[in-house]
Structures are given as C-alpha cells and as structure tokens.
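Copying in the features that TrEMBL gives for the protein in this structure:
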- CYS27-CYS107: disulfide bond (DISULFID)
- ARG54: site 'Transition state stabilizer' (SITE)
- HIS58: active site, proton acceptor (ACT_SITE)
- CYS60-CYS65: disulfide bond (DISULFID)
- HIS179: heme b binding site (BINDING)
- CYS186-CYS218: disulfide bond (DISULFID)
Amino acid sequence: MSLLCVVLLGGSLSHGQLSPTFYDTTCPNVSNIVRGIIEEALKTDARIGASLIRLHFHDCFVNGCDGSILLNNSATIESEKEAPPNNNSVRGFGVVDDIKTALETACPATVSCADILAIAAEESVSLAEGLRGMDSTTANRTAAGIFLPGPTQPLDVIIQMFSTMGLDTTDLVALSGAHTFGRAQCSSFNNRLYDYNNSSNPDPSLNTTYLSTLQGICPQNGDLTVVTNLDLTTPDGLLNSDQILFSTTENNDTVALVNNFTANQTAFFDSFVVSMIKMGNISPLTGRLERLD
C-alpha cells in the first residue's frame with residue numbers, strides 16, 4: 001500500500017463504537033476533502049462511487065471495518081486483494097490514495113484509512129443523490145474468500161453470511177440496493193445467460209428482452225471482463241444474488257422487503273442509512289495512533 005496509514009501505538013487493539021463527530025476538532029474538513037476528490041474522480045470514472053461503496057463493504061465483511069483490504073502483499077501479509085471475491089474485481093484504490101494524501105496535508109496522522117473507506121462510501125451515496133476507526137496492520141485472504149458473499153450463491157447462504165456479521169434480512173435487501181448504480185463484469189452474471197444451474201438454458205427469471213441485451217454485451221465464450229450497468233432501469237436484477245431476493249419461493253421476507261422498498265423510496269433510504277451504519281460498526285478497531293512512514 002503506497003499511502004500512509006496510522007497504526008496502534010502501545011497497548012492492545014480493541015473493538016468499540018465509533019463516533020460520527022470524532023474529527024470535528026482534529027480534522028473538521030475531512031468530509032469536504034473526501035467529497036471533493038470523489039467529485040473530481042467522477043468526471044472521468046462514472047463507476048467510482050459504486051466502487052468505493054463496494055470497497056467499504058468488502059473491508060467490513062472480513063475481520064470488521066479495519067482497512068485491511070488496502071494492504072498489499074508483504075513478507076508477513078497475504079493481501080485480501082487477491083482473494084477470489086476481490087481479485088481483478090474490487091477497485092478504487094487510486095482514489096483512496098489521493099484522499100489519504102490530501103488528508104495527510106490537511107490533518108497529518110489523523111484520519112485512518114478505515115475511516116477514509118467509510119467516509120468515501122458515505123459521500124459516494126450522497127453524490128449519487130440517493131467514532132473513529134483504526135487501521136489493521138494485517139490482512140486475512142482466507143477470511144475474504146469465506147465471508148464475502150458472491151453473486152452466484154444461494155439466498156440461504158447469503159442470509160447466513162449477513163447474519164454472521166450481525167446483519168439481518170432487512171440489512172441484506174437494503175444494502176443490495178446499492179446495486180442500483182455501478183457496473184459489473186460479465187464474469188459475475190454470465191452463468192445466468194447460457195447455462196443456469198447446469199441446465200444448458202438461461203435463467204428463466206430473466207426478462208427475455210433483458211436477456212437478449214445481456215447476451216449481446218456478454219456473448220458466449222466472450223471477454224468476461226467486459227462491464228455493464230448493474231441497473232438498466234428495469235425490474236430485473238443483473239446479479240443472481242439480487243434477483244433471488246425477489247424471485248425466491250423460499251423466503252417471503254425478502255420478497256416483501258423488495259416490494260416495500262420499491263413502493264416506498266423513503267422507507268428504502270431510511271433503511272439503507274441504518275444498515276450502512278450497522279455495517280460500518282462491524283468490529284471496528286480502536287486505540288491510540290501514531291504515523292507510519
């Protein structure tokens with residue numbers, strides 16, 4: 001990781017509640033600085049807001065919201081970046097570097113990388129119009145491969161993965177709503193287009209017009225790194241993990257939540273805010289800081 005981070009100084013790491021006013025005196029312009037850099041990045045990368053939200057999500061689901069997803073390989077670290085759910089998938093690291101550089105100029109050795117991810121996710125949601133954390137000094141590639149939900153996993157497995165993190169079904173549906181913007185690679189949904197569940201046929205829940213559009217974007221045996229919008233302004237979910245929230249016949253709770261959020265945008269936004277805060281409080285590290293050069 002090329003950016004400067006702050007690490008624990010003495011004592012032991014602990015888990016605690018974060019404070020939204022932690023930087024009010026030590027770095028009062030932190031949100032404006034983060035927002036400004038994201039706004040600049042959006043001029044050339046329309047995906048960056050969604051990518052930063054996803055980066056925060058993938059950080060929190062592995063050992064808590066500790067910034068460990070930012071760590072590169074070293075003699076003592078196996079980077080989470082190369083875990084299957086992250087490899088050639090998560091992005092936005094350059095923007096995080098830019099944010100950290102700007103914050104080091106404004107408030108040296110003050111804002112942790114873990115908090116940068118949280119604030120960047122918050123500002124990304126705001127720009128889409130729609131306590132204090134410590135940074136980890138180690139990563140867990142194995143845990144990243146285990147705890148991060150994938151787009152092809154069954155609904156009961158995804159619900160259990162969220163439950164393991166202290167998040168319920170409402171959190172699952174609300175946070176999945178972040179997929180209304182951003183893009184996904186063909187590799188994350190190609191299984192729905194040609195050989196769904198080894199049936200040699202497309203996913204029957206896909207609208208035929210939508211299916212044809214997606215097959216044009218992602219032809220069979222084509223380039224799996226091609227990206228397309230997660231939401232084409234249709235009632236259909238691009239990722240199977242989104243679609244099953246509504247098309248499932250095994251969990252009426254998720255169907256009811258999807259219907260409620262579709263009919264009541266205020267209810268969705270209220271729930272999304274609560275769920276983002278809950279996710280941001282997954283085992284955050286707290287403690288004293290010193291600068292790591």
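Glycine is treated like the rest: Cβ placed from N, Cα and C.
Quick caveat, the model's predicted, so the values are computed rather than measured.
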Can you give me the same-chain residues 6 or more apart in sequence from CYS186 (disulfide bond) with a CB-CB distance under 8 Å?
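Counting only residues 6 or more apart in sequence, the Cβ neighbours of CYS186 (disulfide bond) under 8 Å are ILE217, CYS218, GLY222, ASP223, LEU224, THR225, VAL226, VAL227, THR228.
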Can you check which residues sit near CYS107 (disulfide bond), meaning Cβ under 8 Å from its Cβ, same chain, 6 or more apart in sequence, and list them in order?
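Within the chain, CYS107 (disulfide bond) has Cβ neighbours under 8 Å at TYR23, THR26, CYS27, VAL30.
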Among the disulfide-bonded residues listed here (CYS60, CYS65, CYS218), identify the one with the smallest other-Cβ count within 10 Å.
CYS218
Do me a favour and check the Cα-Cα span between HIS58 (active site, proton acceptor) and the residue listed as 'heme b binding site'; whole Å is fine.
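If we compare the Cα positions of HIS58 (active site, proton acceptor) and the residue listed as 'heme b binding site', the gap is 14 Å.
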Using Cα coordinates, what distance in whole Å links CYS65 (disulfide bond) and HIS179 (heme b binding site)?
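Counting only the Cα atoms, the answer is 20 Å.
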Provide, as an integer number of angstrom, the distance between the C-alpha atoms of CYS60 (disulfide bond) and ARG54 (site 'Transition state stabilizer').
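With the alpha carbons as reference points, the distance is 10 Å.
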What's the CA to CA span in angstrom from ARG54 (site 'Transition state stabilizer') over to HIS179 (heme b binding site)?
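About 9 Å separates the two Cα atoms.
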